[in-house]
Structures are given as C-alpha cells and as structure tokens.
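Student: Please read through the structure below; I'll follow up with questions.
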Amino acid sequence: MKTLLLTLVVVTIVCLDLGYTRTCFITPDVKSKPCPPGQEVCYTKTWCDGFCGIRGKRVDLGCAATCPTPKKTGIDIICCSTDDCNTFPLRPRGRLSSIKDHP
C-alpha cells in the first residue's frame, strides 16, 4: 500500500511539473528572467519613433498572459511560448557614409 501511494505521489509531481515558470527576455536589461505566475507567453514588440531612421525600431521584450494586441498602427508584436524565445531582434547594419556622399 505504501508503495502504491509513493508511486502516485511521484507520478503526480512529474505530471504537474510543480513550480515551473516560463522564462523570457525582459527589457530594458535584455536578460532572461522568470515570468510572473500566469504569464506563459513571451513577446517582442517593435515600433518606430522619431529617431527610427537613425537608430532603428524601438524594442520591448516581456511576458504576458496572452499575446498583446497592438493599440496603434505601426506596432508589430510577435509572441511565442517556449523559454527565452523572444530574443532581441537583429538590426540591419547601416552603411557608413563618407564625405564624398555629401557634396
């Protein structure tokens, strides 16, 4: 009887995966951190501001309970649901200009 009870406890712990928390990259640190309870979705939100042409899109990384919906046009949100799946997006390399480009 004790063996059966112990087996049931072990199976329950394995099946429930007690204490698991999703980890996502979080800005501004861009470090992997555990998400708060109930937030199992990682997101990457990008948008342009007044300096987009100079420094590229702004980026916000974080956790959410569900995939956020953009509140304005021009905001892109990508969601995923595995640990640390919301890496910082790569920016295309800009071309350095020279004095010859500006007569």
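The chain as shown is numbered from 1 upward.
Every residue, even glycine, has its Cβ placed from backbone N, Cα and C.
Values in this document were obtained by computation on a predicted structure and should not be read as measured data.
Look at Swiss-Prot and you will find C24-C42, C35-C63, C48-C52, C67-C79, C80-C85 tagged as disulfide bond, backed by similarity to another entry. The signal peptide annotation in Swiss-Prot covers 1-21.
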Student: Using Cα-Cα distances with a 10 Å cut-off, which of the disulfide-bonded residues C24, C48, C67, C79 are near C85 (disulfide bond)?
Tutor: C24, C79
Student: Count the Cβ atoms, other than its own, that fall within 10 Å of the Cβ of C48 (disulfide bond), considering every protein chain shown.
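Tutor: I count 13 other Cβ atoms within 10 Å of it.
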